[in-house]
């Protein structure tokens with residue numbers, strides 16, 4: 001298969017608003033790739049906006065000056081993927097020049113259509129929230145299996161390209177069996193369960209229809225922990241392996257009386273009095289260039305387990321919350337568990353929320369006692385209750401500031417994700433809540449994300465940066481395309497641990513109106 005086949009499909013898919021048309025066009029390409037599992041995996045990864053290599057050290061700056069395009073298509077898909085691997089493997093002295101040389105060679109062999117696709121793929125412009133859902137549907141269509149089966153296999157396998165390759169290689173008669181082979185496996189990360197928002201304790205109790213399990217919601221970093229014997233691996237919310245950076249989590253896990261374990265938890269930096277540090281202190285321990293020993297000595301992390309998905313040969317994904325917590329409590333000491341209260345009484349739950357907030361945490365999680373663990377899905381079984389409304393939105397553009405903020409990229413344009421189209425719907429602007437340090441940081445960050453330069457008053461951005469925004473409410477507005485705007489929006493923090501696919505949807509905003 002040639003690169004032009006994928007580039008043309010991407011162009012075609014981007015040019016139609018019909019979800020069904022997008023799905024069918026991608027499914028058609030997948031059927032053509034089906035005889036070769038590796039080819040299928042590449043197609044799925046690229047059209048989902050991802051590289052199989054994850055990161056290859058090529059940023060927007062490296063793509064600004066490109067050679068003339070080739071006259072006719074000759075690049076193969078597998079050859080291009082191999083070129084990505086070669087670029088990503090470059091390191092050491094002279095690596096920047098060598099990487100530029102390889103990029104130039106690749107782009108010189110690409111046609112204009114292929115170059116445009118490669119730029120979007122390498123710069124992250126293909127990453128949109130709806131792509132994952134469209135790709136799941138396309139794989140299901142091509143393999144003639146239910147989309148729900150593909151989604152579950154991908155969540156348990158942790159990797160849609162791998163699932164798609166196995167499913168399509170098995171043919172229509174064996175696809176269902178291939179999907180069934182993807183089960184929870186210790187050592188292979190799965191998509192984490194996500195929570196919906198609830199406006200109050202009362203709402204959470206009503207939605208769960210009675211007694212609810214309330215847990216302290218810590219403002220740390222989500223971790224998924226796997227243990228097999230004496231080997232422990234730790235993954236982030238985005239399924240990156242951070243084992244080497246979190247020795248405290250490894251040590252705490254090895255101290256548990258288990259042989260095999262998959263657990264969900266939170267790593268957090270605490271002050272001497274037990275109150276949490278601001279999130280950025282915790283996040284600093286996750287950097288790739290961190291000196292782990294020095295960072296651990298300066299600011300150790302604590303780990304708190306709040307769910308268990310597998311223990312010593314028993315899968316617990318489909319077990320109700322009460323059973324999973326009983327299995328957790330049997331092996332995890334209280335000092336490593338989040339505070340918890342089970343009640344149907346709103347007053348008692350409100351007191352628990354107040355105590356949690358007084359301890360410096362951000363709110364509570366309300367969990368249905370009967371809910372299974374929905375890997376990779378946002379369900380009503382988990383509800384987050386915070387004292388103020390917050391949303392995770394994407395920064396679409398930014399304006400140059402004036403007065404104290406002159407010379408800084410300041411007023412940010414906020415967008416919610418449209419799950420149906422993968423586009424973002426603007427909800428307003430804000431510069432409230434920004435410190436001087438934040439203004440300095442975002443000026444540098446948004447210069448990197450700028451599309452078409454930074455000379456204009458309004459600087460358009462690639463929709464990649466997620467920001468947590470607090471607000472007082474949602475109001476009707478004819479000014480914005482979604483008909484809604486946020487009241488008194490202010491920046492809480494930038495969420496580098498989340499991507500645009502994790503941003504809240506416009507449907508979530510509508511539900512708050």
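Just so you know, the numbers here start at 1 and follow the chain as drawn.
Glycine too: its Cβ is placed from the backbone N, Cα and C atoms.
The active site, N6-AMP-lysine intermediate annotation in Swiss-Prot covers 217, and the record cites sequence analysis as its basis. The ATP binding site annotation in Swiss-Prot covers 215, 222, 237, 266, 306, 378, 384, and the record cites sequence analysis as its basis.
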For the residue listed as 'active site, N6-AMP-lysine intermediate': intrachain residues, at least 6 apart, with Cβ closer than 8 Å: 356, 361, 362, 363, 364, 365, 384, 385, 386
Diameter of the ATP binding set by C-alpha atoms, the set being 215, 222, 237, 266, 306, 378, 384, in angstrom: 19
Cβ-Cβ distance under 8 Å to residue 266 (ATP binding site), same chain, at least six residues away: 218, 220, 221, 222, 223, 303, 304, 306, 338
Nonlocal residues around residue 378 (ATP binding site), in sequence order (Cβ under 8 Å, 6 or more apart): 193, 194, 195, 196
